[in-house]
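Participant: Sharing a structure, written as structure tokens. Questions coming.
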């Protein structure tokens, strides 16, 4: 006889920031419901993958990345762009760049307005972030003129570790900050206050230069009523009529007494819905999938930020990265020291990033901006909403560059994108990746915005006192004309892996909306989506923070709905 079918109160698919935080919230409620957390990847146990010094290369680790690519991008010379997604416990929090930015308060209020629920507005979001955070606000005294997060503003005893580096890696931090201020960017001592505008130091999701991931923060102490299974790819959701009753993973059926919750991310949650018969009828019919429920918004509204790297060659001896990473003996000694007590070069290298957010008059004055709907223009002009972002002190993300070479690299990142794309099925095989087409720069506003972002970042690089350390160009546009800057963008532009919005939250009557503010799939009982699929637009931050927030928000709502804390 076969084994009995196992049942749980809640089944959660995906152990990234949203899924892991939700699993912890539900399983640790007073009622102690049984929770099954299914993760398609492995356990991710290698300690060195958590070193913050490896933050820019961990995504290349075998077994930790699904290795997705976009469909050929029409406006980027037909290039297929890297679309990395984290694999294994912790999801993308294990391979991202570990930047912790929560974004503009105006974004959260716009989300609340769009869906008609104050739970998503800034005041409630801020309170939930404080519950999530273990924010180290005691920065070194020498840092105070660069960063000074207010005590009482951030949470200090939550599960997610957040910190600033214990020292500058090299001298250019001050030069970059001074150059940015010279072109009108004000100092911002706390970029996570709800107003990111200006230039400031970015904290990392780490403690003592070791990553804090969804796994380490939420799955290190698993209660007995939470079952975590790895290598458990979910093939489909099981329905009884229009009620979700379970899932199939590795050929085995698991039943849910209350809810099936998809937290597989903005690419794989819509993919799993489509494989299960929920989505646009024409998409399902094209793959011969019996329709459980016609929901036209599934896989639509894909948004992402895009970025371009500008790279200049620096004078020799200015930074220590080449001396460390290109010297096997020095690197081995540094690794041994860091493994022993989290000190030494690896506690500093790549531990500090500077970021700046701006509103650009030249964007507001453009014909592309003036052609936007009035409501969109009003939102983009709100005081904390940036038009673009700059990131300094990152490695030269360029195929021809030594990643540890002596380069000055600034990322110019487009905010407030207006282009939307799609996630569709490649086949009915759940092991196949979805077809991801963000349709980058399909909207003319995004092209204008990116051109101006590149020009602004370029100005930072050529302003004193930074410019004196530059000896030549490595990867730059040939001149500042719109045509040449756009040509350069088309050749080198990438995405930030901030994919959002493919199972959109919205009000009744919004034809593209798939879930309500309770995260429930419309027209289906017992099925929710809880991850970065649901925000109606991509927030102007590094969205791992938003995923954690979504897990916390959904957990709060589900606990209240079922009376789990009574």
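Here, residue 1 is simply the first one shown, and the rest follow in order.
Placed from the backbone N, Cα and C atoms, the Cβ positions cover glycine too.
Since this is a predicted model, take the numbers as computed values, not measurements.
Annotation source TrEMBL lists active site, proton donor at 498. TrEMBL lists 542 with the feature active site, proton acceptor. Sequence annotations record features per position, and here TrEMBL assigns FAD binding site to 234, 497, 498. Annotation comment: TrEMBL describes 86-109, 265-279 as domain 'Glucose-methanol-choline oxidoreductase N-terminal'.
Set these features in their place in the structure for me.
Facilitator: When other Cβ atoms within 10 Å of the Cβ of residue 498 (active site, proton donor) are tallied across all protein chains shown, the result is 23.
For residue 542 (active site, proton acceptor), the Cβ neighbour count at a 10 Å cut-off comes to 25, with all displayed protein chains included.
Listed in sequence order, 83, 84, 85, 92, 96, 304 are the same-chain residues six or more apart from residue 497 (FAD binding site) with CB atoms under 8 A from its CB.
In the predicted model, residues of the domain 'Glucose-methanol-choline oxidoreductase N-terminal' (86-109) average a pLDDT of 98.
Remote same-chain residues near the domain 'Glucose-methanol-choline oxidoreductase N-terminal' (265-279) are listed as 13-14, 16, 68, 83, 85, 91-92, 234-237, 239, 287, 289-296, 298-299, 302, 423-425, 428, 430, 434, 436, 499-503, 521, 524, 527, 529, 531-533 (criterion: CB distance under 8 Å, separation of at least six residues from the stretch ends).
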Participant: Roughly how many Å separate the Cα of residue 498 (active site, proton donor) from that of residue 542 (active site, proton acceptor), to the nearest whole number?
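Facilitator: Between the Cα atoms of residue 498 (active site, proton donor) and residue 542 (active site, proton acceptor), the distance comes to 7 Å.
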Participant: Hey, how far is residue 542 (active site, proton acceptor) from residue 234 (FAD binding site), Cα to Cα, in Å?
Facilitator: 27
Participant: When the domain 'Glucose-methanol-choline oxidoreductase N-terminal' (86-109) is classified with DSSP, how many of its residues are helical, how many are strand and how many are coil?
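Facilitator: Result for the domain 'Glucose-methanol-choline oxidoreductase N-terminal' (86-109), in helix, strand, coil order: 9 helix, 2 strand, 13 coil.
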Participant: Report, as a single number, how many Cβ atoms besides its own are within 10 Å of the Cβ of residue 234 (FAD binding site).
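Facilitator: The answer is 24.
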Participant: If the FAD binders are 234, 497, 498 per the record, what's the largest distance between their Cα atoms, in Å?
Facilitator: 23
